[in-house]
C-alpha cells in the first residue's frame, strides 16, 4: 500500500491518487468534548508540507464516501484503504469512550451512509497512545447492537502510532476487545525531517511473521527518499506512508522489486498476513 500522508483537503484525495497512492492518511481533530470536528494536522508536521490544511469533518467524510462508492461519479477504484490518524490528545481522557462512540456514528451514517454499498474502503483507526484504547473499545461496542456489525468485522482495523512497546501494544489491543491478528496494523516511524532506523520495523515484521504474533501488517512512515524506500521494502513492510507516492511507485518498478512486490488492489485483504 502506498499511503498518501496528511490528506486533509478534499482536493488532495484525487491529487494523491493521481500521484500513485492507493491509500490515504487523514488527520482527525476533535473538539474539547471529544467530538470529531475537522481534518487537521497542525504544526509541526513534515518538511516541505503545509501543516494547516483543513476541512469540516462532515464535508470531508462526504467527499471520501463519494470517492469510495462504486457507481458514484467521483468514485476512484484506486482508493482501497484509509488510515484515520486520530488526534485524541486534545481532550480529557475521561471523554475517550464517548469520543469513540461519536466517531463510530460518523463512520456509520456519514461514510457508510447506513448502507453496505457506500464507502467501501477499508479503514484503519490509528491512535497516538496506548492509554487511549477506550476509543477503540467504544467504536467496536457501538456496533454490538447494530445491523452494520458485519461492516466493522469486514472493513475496520487498528493501529497505535506512538512507537510504544509492542508487547504492551498486544495487551492493550486485547483490552480494547481486539484479538491477536484481528485486523492489526503496526506502524513505525517519524517525521520525514529526521532519519530513523529500521530496527523497530524489523522487530514488528518478525512478530508479524511469527506463528504466535499479533500483527497482520506493518507500515513505515514518513519517507520519500529512494534509498529509504528500498530499505523499507527490503525489510518486507506492507505499507509505506509518504508525501511523494510517485517515488514508491517508481521503486516498485525497479528490477530488484518488480517481481517481489505489486501495488495492492481492492481484492487484496489488508487484514491478511501475506506469506511468501
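Cβ atoms are placed via backbone N, Cα and C, with glycine included.
Note that this is a predicted model, so its numbers are computed, not measured.
Cross-referencing 59, 85, 92 against the Mg(2+) binding annotation in Swiss-Prot, which names 25, 27, picks out 85. The Cα of residue 27 (Mg(2+) binding site) lies closest to that of 5, out of the recorded positions 5, 45, 47, 193. Apart from the site residues 25, 27, 85, the chain places the Cβ of 5, 6, 7, 8, 26, 28, 41, 83, 84, 86, 126 no farther than 8 Å from the centroid of the site's Cβ atoms, the recorded Mg(2+) location. Comparing the Cα of residue 5 (active site) with the Cα of every entry in 25, 41, 45, 47, these being the recorded positions, the smallest distance points to 25.
Across the structure, residue 41 (active site, nucleophile) and residue 85 (Mg(2+) binding site) place their CA atoms 9 angstrom apart. Within 10 Å of the C-beta of residue 25 (Mg(2+) binding site) we count 28 further C-beta atoms, all protein chains included.
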